[in-house]
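Participant: This is the structure I want to talk about, given as C-alpha cells.
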Protein chains: 4
Amino acid sequence: MAGNTFGQLFRISTFGESHGKAIGVIIDGCPPNIEIDLDFIQGELDKRKPGQSKITTQRKESDTASILSGVFEGKSTGTALALLIPNEDQRSKDYDHNKDIFRPSHADYTYQEKYGIRDYRGGGRSSARETAARVAAGAVAKLYLKQKGVEIFAHVSSAGTINSPNLPVQALSALLVIRESNIVRCADQATANEMIEMIDGVRKDGDTVGGKISCIIRNCPVGLGEPVFDKLHADLGKAMLSINAVHGFEYGSGFAGSEMKGSEHNDIFHVAEGGKPISTSTNFSGGIQGGISNGMDITFRVAFKPVATIMHNQQTVDKSGNAAEIKGKGRHDPCVVPRAVAIVEAMAALVIADHYLRQAAYQ
Amino acid sequence: MAGNTFGQLFRISTFGESHGKAIGVIIDGCPPNIEIDLDFIQGELDKRKPGQSKITTQRKESDTASILSGVFEGKSTGTALALLIPNEDQRSKDYDHNKDIFRPSHADYTYQEKYGIRDYRGGGRSSARETAARVAAGAVAKLYLKQKGVEIFAHVSSAGTINSPNLPVQALSALLVIRESNIVRCADQATANEMIEMIDGVRKDGDTVGGKISCIIRNCPVGLGEPVFDKLHADLGKAMLSINAVHGFEYGSGFAGSEMKGSEHNDIFHVAEGGKPISTSTNFSGGIQGGISNGMDITFRVAFKPVATIMHNQQTVDKSGNAAEIKGKGRHDPCVVPRAVAIVEAMAALVIADHYLRQAAYQ
Amino acid sequence: MAGNTFGQLFRISTFGESHGKAIGVIIDGCPPNIEIDLDFIQGELDKRKPGQSKITTQRKESDTASILSGVFEGKSTGTALALLIPNEDQRSKDYDHNKDIFRPSHADYTYQEKYGIRDYRGGGRSSARETAARVAAGAVAKLYLKQKGVEIFAHVSSAGTINSPNLPVQALSALLVIRESNIVRCADQATANEMIEMIDGVRKDGDTVGGKISCIIRNCPVGLGEPVFDKLHADLGKAMLSINAVHGFEYGSGFAGSEMKGSEHNDIFHVAEGGKPISTSTNFSGGIQGGISNGMDITFRVAFKPVATIMHNQQTVDKSGNAAEIKGKGRHDPCVVPRAVAIVEAMAALVIADHYLRQAAYQ
Amino acid sequence: MAGNTFGQLFRISTFGESHGKAIGVIIDGCPPNIEIDLDFIQGELDKRKPGQSKITTQRKESDTASILSGVFEGKSTGTALALLIPNEDQRSKDYDHNKDIFRPSHADYTYQEKYGIRDYRGGGRSSARETAARVAAGAVAKLYLKQKGVEIFAHVSSAGTINSPNLPVQALSALLVIRESNIVRCADQATANEMIEMIDGVRKDGDTVGGKISCIIRNCPVGLGEPVFDKLHADLGKAMLSINAVHGFEYGSGFAGSEMKGSEHNDIFHVAEGGKPISTSTNFSGGIQGGISNGMDITFRVAFKPVATIMHNQQTVDKSGNAAEIKGKGRHDPCVVPRAVAIVEAMAALVIADHYLRQAAYQ
C-alpha cells in the first residue's frame with residue numbers, strides 16, 4: 001500500500017491530482033442504513049473549495065460530488081461507497097514553466113526523486129486538491145456520527161501572529177454561526193476582522209502566511225482508542241499531520257503542558273451532577289487518558305506553515321542541477337487555513353468513526 | 001487489530017503489562033542477514049530501564065532481553081524475530097489500594113470503561129513498562145539502519161521551563177558523548193546541570209514535571225514517505241504520540257512556523273558543493289517536503305506532560321461513583337523524559353526502517 | 001475494512017454494483033514508470049464483458065474503461081491510479097419482482113440479513129459485474145509483470161463433465177491462440193467444440209452448468225511468497241475463492257495428491273541444462289514449495305459451481321418468511337466460466353504483482 | 001509485514017522455529033472478559049503434539065503452554081495476549097548433514113533463495129512445529145466462540161485412497177467421541193481401523209502418505225463474511241492453504257459441484273419448523289452464499305499431500321549446484337493428517353472469530 005488508504009474499519013482510499021480528470025474516494029466500511037444526504041456532503045465540500053473568498057486561491061471549482069455506488073434509496077448499503085468530483089478549472093499552461101524546475105519548499109524535488117516521474121501540473125498528487133476527496137468522505141463519517149450525537153467543531157484560532165482568545169464555553173452550534181459569518185472562519189468576530197485585514201495585506205504582497213486551527217470533539221463516548229499504538233490522539237495526530245502544510249499537532253495541554261507540574265496538571269475526577277458519567281474538573285488531558293477517550297471534550301490544535309507558492313521570483317535549481325529562477329506567477333493562496341477547517345473536521349470525523357467501529361467490534 | 005501492532009513492512013507486535021510475567025515483541029518483517037548484536041540491544045534497553053538514576057523511578061529491573069526466534073548464527077533469518085524481557089520487580093501489593101479507585105489523569109477509568117476489566121497492578125498494559133518492548137524492537141531497526149548509514153539522535157531539550165539552546169552543528173556522535181555523560185540526557189552540559197537540580201527538587205516535593213525531547217535523523221535518503229496519508233512526518237507523529245505522556249509533536253519549523261511568512265519560510269534549493277545531492281540553505285521543512293524526505297536532517301520535537309503519579313493524596317472517585325482518596329505512595333518517577341530518549345529513538349528507527357522497506361519495494 | 005480491498009503493496013479497492021452508475025477501482029501501490037496501455041486494459045475487459053457470445057449472458061455492456069488519475073504522459077506516476085467503467089445496460093425493471101423475494105443460492109438472503117438493506121437490482125454488489133473492476137486492475141498488474149517476463153495463462157479445462165486433456169508442453173502464446181479462437185476459451189479445440197454444444201443445450205433448457213479453469217504462471221522468479229500465513233498458494237487461493245461462484249481451489253497435485261505416497265510425490269531437484277536455475281524433474285509442487293515459488297511453472301485449478309439464475313420457476317420464501325415463487329426470467333448466463341478466464345488471470349496477476357513488491361522490499 | 005500475521009480484528013502474530021528456543025503467539029484483538037482456560041488450551045495442543053501415537057513422528061515435546069500477558073484473574077483483559085511454548089526435543093545433530101543440501105519437495109531451496117540464509121535445523125521456520133502456536137491461538141478463539149454457541153468439528157475423512165463415508169447427521173459431540181477414540185482421528189470407526197493399518201504399513205516402508213480433512217462449523221450466525229474480497233470461504237481457504245502440506249481447499253459442493261446443473265445445485269429456501277431462521281433443503285452452498293454465512297452448516301475439505309521427509313535415500317543437488325544424495329534418516333512422520341485435525345479446527349476458529357468481530361463492528 002502506497003499511502004492512499006486511511007483507516008482500519010471505516011477505511012477510505014482516495015485518488016486524484018490537481019490537473020487530472022477527477023478526484024474521488026472509495027469508502028470501504030461505511031456502516032449500512034445511514035441516510036446519505038448529498039446536500040450535506042456538498043455543503044462540507046463548499047467550505048473547502050477554492051475561489052470562495054478574496055483571501056484564498058482564485059481557482060474556480062464547483063467541487064460537485066456525485067455518488068457512484070454504495071447507496072440505495074438514499075441509504076448506505078454497507079458495500080463500497082464511491083464519490084466522484086470532476087476537476088473543472090485546470091490551467092495546465094500555468095505550469096509549463098515548472099516542468100524541469102524544483103519550486104522551493106514544494107514536493108517537486110522529493111516526488112521526482114522518489115518516483116522518477118512526476119505530474120508537474122499544479123503539483124500533481126501533492127496538491128491540496130486531493131483534500132476534497134477527504135472532505136467528501138469525512139462528510140459521510142459525519143453523517144454516521146450524527147446518529148451517535150458526536151459533534152465536531154474546528155475554527156481558525158491563529159493566523160500569523162494574531163491569536164483568538166480561548167473560546168467561551170458554549171454550544172458548538174452557536175460557535176458555528178460566528179465562524180461561518182466571516183471568511184477566515186474564526187469563531188471570535190473581533191479576531192476575525194484583524195485576521196482578514198492581515199491576510200489581505202499578505203495577499204497584496206504576493207506572500208503567504210500560516211496559522212493554527214483548534215478543534216473540539218464533543219460527546220465522544222468513553223472508550224474510543226486502541227492502546228498501545230493506535231491511541232486515539234495518535235491517530236488524530238497522524239490524520240492531521242497528513243494534511244498539506246501541517247507541521248505540528250498537540251492535544252489537551254499540548255506543548256505548554258510540558259512546563260507544568262503533575263500537581264497542577266492532573267485532572268481531578270468527580271461525579272457529574274446527577275450521577276454518571278464521571279467527569280473531570282479540569283481538562284488538561286484533552287478528553288483522552290491512556291489513549292482512550294474519557295467523555296470530556298477532546299481538544300487539539302493543528303499548526304500550518306505558510307504555503308510555498310509565493311508571487312515572488314525565487315532562486316532554485318532545475319532537474320540537471322543547474323541554477324534556475326522560478327517566476328512568481330500562477331495560483332496564489334495567501335492563507336490556506338480558512339479552507340482547511342473543513343479538512344480538519346473531516347479527518348477528525350474519519351478517525352472517530354473508525355474508532356467507533358473498532359470499539360463496537362468488541363462489545 | 002486492537003492497537004498492539006505497528007508498521008507495514010517492518011512490523012512489530014508487542015505484549016506485556018507492568019506486573020505480568022514478561023514483556024516482549026515479535027518483529028514480522030525484519031530483513032534477513034542483519035547481524036543481530038544482542039549486546040547492542042541490551043545497551044539500548046539500559047538507557048530506558050527503571051532504577052538508573054536518582055531522578056527516575058526506583059523500580060529495579062534489569063530488562064534483560066533474550067532472543068526466542070528469527071536469528072541463526074547471529075544473523076536475522078527474515079522470519080519472525082521474537083524478543084522476551086522478563087519482569088522482575090513487580091511490587092503488586094503496592095497497588096492493592098488501587099483496585100477500585102480511579103487515579104487522576106491515569107488510564108484507570110478509561111480502561112475500566114473500555115474493557116469492563118482492568119489489571120490494576122502498576123497500571124497493567126497502560127504502564128510505560130510496555131515501552132521496553134518497543135526499545136528492543138527499535139534496537140533491531142537501528143541495526144538495520146546502521147547498514148544504511150542512517151543516524152538517529154534524540155536528547156532532552158526541555159525539562160519544565162528550562163530549555164537548552166539549539167544544538168551546534170556537530171557530528172551526532174559528539175553530541176551523544178555529552179548526552180550520555182549526564183543523568184538527564186541533555187546534550188548541553190550547562191543546561192543538564194540546571195535540569196538535574198530542578199528535577200531533584202521536584203522529586204523531593206513528591207511531584208512530577210514534564211519536558212521535551214528533540215530528535216535529529218541524519219543521512220536519511222531522499223524518497224522516504226508515502227503520500228498522501230502515510231507521509232513520513234505523519235507516521236513519525238503517530239509513533240511519538242503513541243508514547244506514554246506525549247501531548248505534542250512538531251517537525252521542522254513546527255508551531256512557530258505557523259507565524260511566519262512564505263517568503264521567510266521557504267527553503268531555497270542549491271546544489272551541494274561538488275554536485276549531488278541537492279540541499280537547502282535553510283531547513284524549516286525539517287528534512288521532509290510533501291511528506292517525503294529530501295535528504296536534509298529530519299528534525300522534530302516531542303512534548304511530554306508531567307506524569308500523573310504524584311506522592312500527594314488526591315481526591316477522586318471509585319468504581320461506584322463515590323468520593324474516595326488516593327494515597328500518595330508507590331513508585332515515584334519525577335520526570336520520565338530522560339528515560340524516554342531511548343523510546344523516541346526506537347520509534348524513529350521503526351518508522352524509518354518501515355519506510356525504507358516500503359520505498360525499496362517500488363525500486 | 002469491509003472486504004472491498006485486496007493486496008498489501010499492490011493494493012486495490014473496488015466499488016460498484018450491477019445497476020449503479022459505474023464500477024471502478026483505485027490501485028494504491030502501482031509502481032511508477034510503467035507504460036499504461038489503455039488498449040491493452042480494454043482488451044482484457046473485452047474478454048470478460050457480457051454479451052460476447054451466444055453461450056453467455058446477453059446484457060450489453062461495452063465495459064469501456066477510462067483513467068481518472070495516476071497516469072501522466074502515458075506512464076504510471078506511483079500515485080493512486082483510478083479506473084472507471086460506466087454501466088450502460090441496467091434493466092432494473094427486470095428485478096422489480098425480486099424486491100422482497102430471496103432467490104435460491106443467491107446472496108439475496110445473506111445480504112439482507114447482514115446489512116439490513118440490499119440493492120436488489122441485478123444482485124447489487126453481489127453481482128459478478130464487480131469483477132470488471134478486478135479485470136481492469138489485473139490488467140495494470142499484467143503490464144507491470146510484462147516488464148518482469150512473467151506470463152499468466154488460464155483456460156477452461158472443464159465444463160460440466162467434459163474435461164480437456166492435459167495441455168501439451170508448449171509456449172503459452174500458442175495456447176492463447178487456440179483459446180481465443182473458440183467462444184468457450186478452452187485451449188483444446190476438440191474439447192471446445194464439445195463444450196460449446198453442451199452449453200448451448202443447457203442454455204436452451206434455461207439451465208446453467210459449472211466448470212473448471214486451469215491456470216499456469218510461467219517465469220515467476222524464485223522467492224515469491226511470505227510464509228507462514230501469506231504463502232503464495234494461500235494468497236492465490238483466497239484470490240480465486242473470492243470470485244463469484246468459485247467453490248474450490250487446488251494447486252500442483254491438488255486433491256489427487258492426497259492419495260499419493262511421498263516416494264511418488266517428491267519432486268527431485270536437478271540442475272537445469274547449462275547451470276542455474278535449479279529445476280525439478282516432476283512438478284507435483286505446482287511451482288511452490290514451503291509457500292514460496294521455486295521457479296517452476298505455478299499450476300492451479302479453480303472450480304465454479306453452476307450459477308444460480310436459472311430460467312425455471314422455483315419455490316422460495318420472501319422477506320416475511322412466507323412461501324413465494326421466483327419466476328424464471330431476466331438475464332440468463334448458462335455458463336460463466338468462459339468469461340471468468342479473464343478474472344482468474346487478473347486475480348493471479350494481482351497476487352504475483354503484490355508478492356513481487358513484497359519480495360523486492362527486502363532485497 | 002512478512003507473513004507472520006493473520007486476521008484483521010482477532011489478529012495473531014506467531015514466531016518460532018523447529019529448533020529455536022520456543023514458539024509462541026501474540027493475540028492482538030482478543031475480546032475482554034473471556035475465561036481463559038489454560039487446561040482447555042493445553043488439551044487442544046495435546047491433539048497436535050508430536051509423539052502421540054505410533055503412526056506419527058516420534059519427536060517428544062510436551063508443548064506446554066504458558067500465558068505471558070493479557071489475562072487477569074483468569075479473564076482476558078482485551079490487551080495483547082501472549083502464549084509461549086518452549087521447545088524441548090530438538091535433535092539438531094540430526095540435521096547437520098542437511099546444511100548444504102536441498103531436500104526434495106521441502107522448503108530448503110526456496111528459503112535459501114528467498115532469504116539468502118536459512119536455519120536448516122529441522123526445517124527452521126518452514127517446519128510444521130510453528131503450527132503449535134496457531135493451535136494455542138485457535139484455542140483462545142474457540143473459548144470466545146463457545147460463548148456464542150459456535151461448534152467446530154474436523155476429522156480425517158481420507159487417508160491415501162481410503163475414504164470414510166459421509167458422516168451421519170448427528171450432534172458433533174457424538175462424532176467427537178468416536179474421533180478421539182482412534183489414533184487417526186476419523187469419525188467412522190471402521191474406516192479408522194483401515195486407515196491405521198494402511199498408515200502403519202507406509203511407516204514400515206519408510207514412506208509417507210497424504211489425506212483429507214473434512215470440517216463442519218455449526219451454529220454460525222447469518223451474516224459473517226465481507227464481500228467482495230474477504231468472503232468467508234475465501235478467508236477459510238487462505239487459512240487452510242497456509243497449513244503445511246495443504247494442496248487443496250473446497251467448500252460445499254466443491255469440485256464435484258462444477259459438474260452439476262443449476263437446477264440440481266440450487267438450495268431451495270424454506271422456513272424452518274416453528275419460524276425463523278430460514279434454512280435450505282439441501283446445502284450445496286456449504287453454509288455460505290455470496291461469501292456470507294446463511295446459518296446452515298459450513299462444510300469444507302482440505303487436501304494434504306504426503307509430506308516430503310521419507311526414509312529413503314534420494315538424489316538431489318547441493319547449494320553449489322552439484323549432485324548430492326540425501327540420506328533417509330531423521331524424524332519420520334508417515335502421515336501428518338491425524339495431528340492436523342487440531343490445526344484445521346484452530347484456523348477455522350480464528351477465521352470465524354475474526355469475522356464475528358468484523359460483523360459486530362457494524363451493528
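Cβ atoms here come from the backbone N, Cα and C positions, even for glycine.
TrEMBL lists A:R48, A:K54 with the feature NADP(+) binding site. Annotation comment: TrEMBL describes A:R125, A:S126, A:S127, A:N244, A:A245, A:G290, A:K305, A:P306, A:V307, A:A308, A:T309, A:R331 as FMN binding site.
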Participant: To see if you understand the setup: which same-chain residues, six or more apart in sequence, place their Cβ under 8 Å from that of A:A245 (FMN binding site)?
Facilitator: A:A128, A:G210, A:F304, A:K305, A:P306, A:V307, A:V336, A:A340
Participant: Among the binding-site residues A:R125, A:S127, A:A245, which sit with their Cβ under 8 Å from a Cβ of chain C?
Facilitator: A:R125
Participant: Across the record's FMN-binding residues A:R125, A:S126, A:S127, A:N244, A:A245, A:G290, A:K305, A:P306, A:V307, A:A308, A:T309, A:R331, the largest CA-CA distance in angstrom?
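Facilitator: Roughly 44 Å, rounded to the nearest whole number.
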Participant: If you skip the near sequence neighbours and keep only those at least six away, which residues in the chain come within under 8 angstroms of A:R48 (NADP(+) binding site), Cβ to Cβ?
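Facilitator: Expected: A:D63, A:T131, A:A132, A:V135, A:R339, A:A340, A:A342, A:I343.
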Participant: Return the count of C-beta atoms lying within 10 angstroms of the C-beta of A:V307 (FMN binding site), excluding that atom itself.
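Facilitator: Neighbour count, Cβ to Cβ under the 10 Å cut-off: 24.
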Participant: To the nearest Å, how far is the Cα of A:R125 (FMN binding site) from the Cα of A:K54 (NADP(+) binding site)?
Facilitator: 25
Participant: Round to a whole number and give the Cα-to-Cα distance in Å for the pair A:S127 (FMN binding site) and A:K54 (NADP(+) binding site).
Facilitator: 20
Participant: For the binding-site residues A:R48, A:K54, A:R125, A:A245, which ones lie near chain B, with a CB less than 8 A from one of its CB atoms?
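Facilitator: So the ones by chain B are A:R125.
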Participant: Measure from the CA atom of A:K54 (NADP(+) binding site) to the CA atom of A:T309 (FMN binding site) and give the result in Å, rounded to a whole number.
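Facilitator: A:T309 (FMN binding site) and A:K54 (NADP(+) binding site) have their Cα atoms 17 Å apart.
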Participant: According to DSSP, folded down to helix, strand and coil, what is A:R48 (NADP(+) binding site)?
Facilitator: helix
Participant: Please report the number of other Cβ atoms within 10 Å of the Cβ of A:T309 (FMN binding site).
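Facilitator: I count 24 other Cβ atoms within 10 Å of it.
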Participant: With Cβ-Cβ distance below 8 Å and at least 6 positions apart along the chain, what are the contacts of A:K54 (NADP(+) binding site)? List them in sequence order.
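Facilitator: Correct list: A:I183, A:D200, A:R203.
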Participant: If you run the three-state DSSP split on A:R125 (FMN binding site), which class comes out?
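Facilitator: Going by the DSSP assignment, A:R125 (FMN binding site) falls within a helical segment, counted as helix.
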Participant: Please work out the number of neighbouring Cβ atoms within 10 Å of the Cβ of A:R125 (FMN binding site), leaving out its own Cβ.
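Facilitator: Step by step: centre on the Cβ of A:R125 (FMN binding site), count other Cβ atoms within 10 Å, giving 30.
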Participant: Considering the binding-site residues A:S127, A:K305, which residue's Cβ sits among the greatest number of other Cβ atoms within 10 Å?
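Facilitator: Max Cβ neighbours within 10 Å, all protein chains included: A:K305.
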